[in-house]
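Below: one structure, written as structure tokens.
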Amino acid sequence: MSVMFDPDTAIYPFPPKPTPLSIDEKAYYREKIKRLLKERNAVMVAHYYTDPEIQQLAEETGGCISDSLEMARFGAKHPASTLLVAGVRFMGETAKILSPEKTILMPTLQAECSLDLGCPVEEFNAFCDAHPDRTVVVYANTSAAVKVRADWVVTSSIAVELIDHLDSLGEKIIWAPDKHLGRYVQKQTGGDILCWQGACIVHDEFKTQALTRLQEEYPDAAILVHPESPQAIVDMADAVGSTSQLIAAAKTLPHQRLIVATDRGIFYKMQQAVPDKELLEAPTAGEGATCRSCAHCPWMAMNGLQAIAEALEQEGSNHEVHVDERLRERALVPLNRMLDFAATLRG
């Protein structure tokens, strides 16, 4: 029997916070990026969790702001020869797997993800080997090497539907790496799921007691929760879903005040969707506790204006994403299954 890697004992060294830019410096880099995007025939693909000024720039230049599933779709279909991926490393890898003919640039190749870090490929392969009768489903937040071992890749926006489908076929599942999302999906579908025990450092920090106190302070507020959060937080929610699903819920819920339990980067697009509603951050630290991420992924914060300009200007090994071709071809199989399945859901 394999010994499972224990993410709870792993130490994830946080990157240094980017040096703040002055107003003039921000204006300089914004104009430089706009010029370089045109010169490089490039387009920005940014995740909801990047800083607001990055999302705004993606909007202004005809790029994409979305969850990881739509980032993958957009980048593959866009005619630009270069994709500037503002996010974390697995997103850049996914873009390269789906668009091998394109140049994939990232502001930094050191933008990690705690879910990815918490699922080392050697330990995961041993875990899968110990359960050969199970279908392997991995979250998009994993390395290309882990995706190679998967039968399916999935994002949070279609996780419940996919596992419900596989369960209807009588398949038993290995789910990796997020234990909270896996538990949520199991509860929603009743599927036979064996979970890897990873967690997102942002969502894992939401505190039940502190959220209860905030709810008591604002009893008229609805609570929106990403399913990467602990079960006790999910149980308090008026709406549970992926980033795009939470934005949709913000529009449909009648409440004028919303408590949001996910990375605060989502507030940029959510506030656009509901300009007349008040958005409150769910607390990440209770009494006597401190937060590490404080509701914002430290690696997402590495996607600054200066780093984006340098990526477009310098290209090369410090910014370009490469995936071994044999690895890419194998990882493409479960990714394409995900995209094909998602297309059937859209009808």
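Cβ atoms are placed via backbone N, Cα and C, with glycine included.
So that you can see what the record holds, here are the features copied from Swiss-Prot:
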BINDING   His47, Ser68, Tyr139, Ala140, Asn141, Ser156, His226, Pro227, Glu228, Thr243  iminosuccinate binding site
BINDING   Cys113, Cys200, Cys297  [4Fe-4S] cluster binding site
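Structure coloured by features recorded in Swiss-Prot.
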residue: His47; record: iminosuccinate binding site; DSSP (3 states): strand
residue: Cys113; record: [4Fe-4S] cluster binding site; DSSP (3 states): coil
residue: Tyr139; record: iminosuccinate binding site; DSSP (3 states): strand
residue: Cys200; record: [4Fe-4S] cluster binding site; DSSP (3 states): coil
residue: His226; record: iminosuccinate binding site; DSSP (3 states): coil
residue: Cys297; record: [4Fe-4S] cluster binding site; DSSP (3 states): coil
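Taking the Cβ of Asn141 (iminosuccinate binding site) as centre and 10 Å as the limit, one finds 28 other Cβ atoms among all the protein chains shown. Spacing of His47 (iminosuccinate binding site) relative to Cys113 ([4Fe-4S] cluster binding site) is 13 Å (Cα to Cα, whole number). Spatially, by CA atoms, the binding-site residues Tyr139, His226, Glu228 include one closest to Cys200 ([4Fe-4S] cluster binding site), and that is Glu228. Cα of Cys113 ([4Fe-4S] cluster binding site) to Cα of Asn141 (iminosuccinate binding site): a span of 7 Å.
Contacts of Glu228 (iminosuccinate binding site) defined by a Cβ separation under 8 A and a same-chain sequence distance of 6+ are given as Ser156, Asp178, His180, Leu181, Ala199, Cys200, Val202, His203, Asp204, Thr262, in order along the sequence. Each residue contributes its Cα atom, and for Cys297 ([4Fe-4S] cluster binding site) and Asn141 (iminosuccinate binding site) these two points are 13 Å apart. Sequence-distant neighbours of His226 (iminosuccinate binding site) (same chain, 6+ apart, CB under 8 A from its CB) are Ser156, His203, Val240, Gly241, Ser242, Thr243, Leu246, Ala261, Thr262. Spanning the residues His47, Ser68, Tyr139, Ala140, Asn141, Ser156, His226, Pro227, Glu228, Thr243 that the record associates with binding iminosuccinate, the maximal Cα-Cα distance equals 17 Å.
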